[in-house]
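Chemist: The following block contains the structure, expressed as structure tokens.
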Amino acid sequence: MSSPALTATIDLDAIAHNVGVLRAASGTDILAVVKADAYGHGAVPVARTVIAAGATELGVAHISEALALRAAGVDAHVTSWLHTTGSDFAAAIAAGIDIAVSSQRQLDAVIAAARVMGSPATVTAKIDSGLNRSGIGEETWDDVAVSLAKADAEGSIRVRAVMSHLARGDEPDHPLNSAQAERTDAAAALLTRLGVATPLIHLANSPAVLTRPDLARDLVRPGIALYGRTPVPAIGDFGLIPAMTLTAEVALVKRIAAGQGVSYNHTWTAPVDTTIAVLPAGYADGVPRALSGRLQVLINDRLFDGVGRVCMDQLVVDLGPDGGGVAEGDRAELFGTGAAGGPTARDWAEAVDTIDYEIVSGVGGRVVRQYVGGVGG
Ligand SMILES: *Cc1c(COP(=O)(O)O)cnc(C)c1O
């Protein structure tokens, strides 16, 4: 295996294991969420892996993401749920993408595209049951349901599913979760009363899959947990295995004297004569600049402190007066499973007051993805 400057190693066997954890927790079929390049892990290899591991279908935000999966030969059922006025519904219909609509306008555009194409669109009704983000708003739902049923009866669309998204899935005991489930069930029941063949229902995201099996319906829709990250760290990790390890080669090792400042604005000054290492990883690669002076890296099983500002392309590590036995060409682990005592994406997230979703999906395009295990490599 070659050794690029900066690598995100993706353990596909970990992802397959996590699919098993989620299936056991929910007792339900899995719609695996692979949007945003599978949260930075690589949509195509992850899609192949999760389907081989027993997930039954896939979900993405944009139609362009679904089309990219098709272009790579992924033929599993794919639902796409975030559209704009320029979204190419005709291309989605041609590629057999399930289009989740959030409004009457989107539905009308899908029906028009289906008529032009001369083939029915597969449609999911995305219900806003309380998140107040995407989804068909409550006041409009009755009318949109009538339109859905009419288009379904005419044959321009086939309504396959009703989906909704939880606002407080990571607060398992919050009453809104059950309320959203009831509203989603009621929406599906209305479609059935209007003559639509009983639609599938799905609303559980990762935290709900793991903590609220009673909210599983025909499918569950986990994202982050597939990648081995617990969405409810206070409750547990559920045996999930983090799939991404971010490593960088030590590009440069050199001595600096006591009193010398390091990196932009010299926010860190060497207290003694010491040795520093330059790593080719910066905020353009997904290392938050806010981690300046607040991160550690693992090199040859030893932890070293990051010092000074994280720059766009580089960061600096203090190896100590003796250089820590580190040589140019050694590999530094920025985050990984944490199993060997190294930092994790959650450590980074906590240090900069965010969630590890943002850390892994922010790993940049310059970082070379390498795959181990699985079927997608
Ligand atoms: C991103 C997303 C998910 C997955 O959420 P996780 O918290 O990562 O499990 C599920 N459904 C929708 C609509 C989403 O946008």
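Glycine too: its Cβ is placed from the backbone N, Cα and C atoms.
Checked TrEMBL, it gives:
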ACT_SITE  Lys35  active site, proton acceptor
ACT_SITE  Tyr264  active site, proton acceptor
BINDING   Arg133, Met312  substrate binding site
DOMAIN    243-372  domain 'Alanine racemase C-terminal'
MOD_RES   Lys35  N6-(pyridoxal phosphate)lysine
Chemist: With DSSP as the reference, give the number of residues of the domain 'Alanine racemase C-terminal' (243-372) in helix, strand and coil.
Modeler: 25 helix, 45 strand, 60 coil
Chemist: Does DSSP put Lys35 (active site, proton acceptor) in a helix, in a strand, or in coil?
Modeler: helix
Chemist: When the Cα of Tyr264 (active site, proton acceptor) is compared with the Cα of each of the recorded positions Lys35, Arg133, Met312, which one is closest?
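Modeler: Considering only the listed recorded positions, the nearest one is Met312.
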Chemist: Where among the recorded positions Lys35, Arg133 do you find the Cβ with the fewest other Cβ atoms within 10 Å?
Modeler: Arg133
Chemist: Using Cα coordinates, what distance in whole Å links Arg133 (substrate binding site) and Lys35 (active site, proton acceptor)?
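Modeler: So the Cα of Lys35 (active site, proton acceptor) lies 17 Å away from that of Arg133 (substrate binding site).
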